[in-house]
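**Student:** The following block contains the structure, expressed as structure tokens.
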Amino acid sequence: MKLKQRVVLLAILLVIFIFTKVFLIDNLDTSAANREDQRAFQRMLSGLRVALDPRLEHTLQSPWEIAAQWVVPREVYPEDTPELGAVMHAMATKRIVKADVGYKGTQLKALLILEGGQKVVFKPKRYARDYIVEGEPYAGYDRHNAEVAAFHLDRILGFRRAPLVVGRFVNLRTEIKPVATEQLLGTFMTVGNNTCFYGKCYYCRETEPACADGDIMEGSVTLWLPDVWPLQKHRHPWGRTYREGKLARWEYDESYCDAVKKTSPYDSGPRLLDIIDTAIFDYLIGNADRHHYESFQDDEGASMLILLDNAKSFGNPALDERSILAPLYQCCIIRVSTWNRLNYLKNGVLKSALKTAMSHDPISPVLSDPHLDALDQRLLSILATVKQCTDQFGPDVVLVEDRMTLSHL
């Protein structure tokens with residue numbers, strides 16, 4: 001064989017080798033990643049039921065210390081949480097040693113200190129489970145049960161970016177009033193035979209108190225994140241104007257995502273993909289009120305978008321507010337792991353999983369059946385939206401690998 005022919009043959013073999021490496025090996029890696037996604041999904045399903053049990057494996061630690069050690073830049077709690085039930089039991093039962101008005105905001109809440117020094121946010125029940133909130137998708141009071149349901153959906157989606165939430169019944173007369181600050185105590189009143197309070201907030205009114213059933217009030221408690229992880233607040237790039245007749249730029253500019261991609265922290269790192277994960281999460285729960293979001297301070301865009309304040313959710317099961325999905329359909333990118341998880345939840349699995357996850361909560365049933373049915377319907381809309389993107393741009397552009405190794409040392 002002539003030298004020239006040998007060179008050509010070697011060149012062809014080299015091209016074949018490169019082709020094999022790029023396509024076959026990469027496909028093997030992707031398959032391995034997909035298999036890990038499937039295993040993670042099965043682990044999630046097997047651990048869905050969280051029985052509230054006071055027993056701790058680490059008897060030298062309090063439940064609050066255990067929960068604080070879970071927090072890392074990309075997770076609030078780890079995938080494997082055998083002591084989750086013990087922490088949530090403590091949240092639902094530990095003695096309240098102090099009660100104060102909630103941190104500043106638009107909605108009624110109370111800040112409680114539980115035995116052992118742990119801060120939690122208490123949101124009172126304002127609506128019956130089957131009440132339909134009419135009007136704008138962000139209308140109405142906060143829904144305490146929405147916080148509980150959103151936390152468990154966060155577990156099911158595998159995000160693990162929402163602080164722990166559990167339902168709790170409190171006796172306002174014996175548990176709250178004796179330890180309440182003067183500021184909170186001054187907002188208590190009696191309406192008929194019911195003890196009520198209206199707290200301090202932007203929309204709090206003496207004429208619109210939250211009332212217990214007698215002295216017993218149903219609500220949710222959200223675990224305060226450790227003080228060693230201070231939060232930084234950001235304006236959401238797809239936030240609404242909340243002004244009639246005035247549109248935000250994303251509502252009329254089809255190329256808006258291109259502009260977002262050029263600004264920090266969305267021009268690099270995981271933040272834009274977190275925004276899209278959050279849009280999917282918010283669309284499922286019907287939350288059109290995420291005008292701001294929090295991350296950990298000084299993170300330069302590397303830490304997670306924390307899924308705080310989900311109480312403007314599950315207001316109207318018949319309303320599917322598609323504009324919540326704008327980050328997804330305008331950017332047309334999604335994490336492969338998120339895409340895989342959504343597909344695993346098809347065919348009624350999502351509704352069944354969420355119902356199972358919430359079954360042990362003290363205020364169960366947390367959601368009415370129409371809200372659970374709406375989740376499965378909204379999931380189909382998300383999958384259809386991603387398919388439109390892949391049909392237009394191709395899966396290699398739309399499906400983005402973003403897998404991070406997380407440490408809990």
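Using N, Cα and C of the backbone, Cβ positions are placed for all residues, glycine too.
Automatic, uncurated: that is what TrEMBL annotation is.
Taken from TrEMBL, the feature active site covers D289. What TrEMBL records for Q107, K123, T222, L223, W224, L225, E294, D309 is ATP binding site. The annotation Mn(2+) binding site is assigned in TrEMBL to D142, D309. The annotation domain 'FAM20 C-terminal' is assigned in TrEMBL to 188-397.
Situate these features within the shown structure.
**Tutor:** For D289 (active site), the same-chain residues lying six or more positions away in sequence with a CB closer than 8 A to its CB are P137, Y138, K312.
Around the Cβ of K123 (ATP binding site), the same chain contributes Q107, L108, K109, D142, H144, E147, G219, S220, T222, A311, each under 8 angstroms and 6 or more positions distant in sequence.
Spatially close to D309 (ATP binding site) yet at least six residues away along the chain are G105, judged by Cβ distances under 8 angstroms.
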**Student:** By the count of other Cβ atoms within 10 Å, pick out the sparsest of the binding-site residues D142, E294.
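**Tutor:** Ranked by other Cβ atoms within 10 Å, the binding-site residues D142, E294 bottom out at E294.
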**Student:** For Q107 (ATP binding site), just count the other CB atoms lying within 10 A of its CB, please.
**Tutor:** 19
**Student:** Within 10 Å of the Cβ of L225 (ATP binding site), how many other Cβ atoms can you find? Include all protein chains, please.
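**Tutor:** Neighbour count, Cβ to Cβ under the 10 Å cut-off: 20.
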**Student:** Please list, in sequence order, the residues in the chain of L223 (ATP binding site) that are at least six apart in sequence and whose C-beta is under 8 Å away from its C-beta.
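**Tutor:** Non-local contacts for L223 (ATP binding site): A67, V87, M91, Q118, V120, P163, L164, V165.
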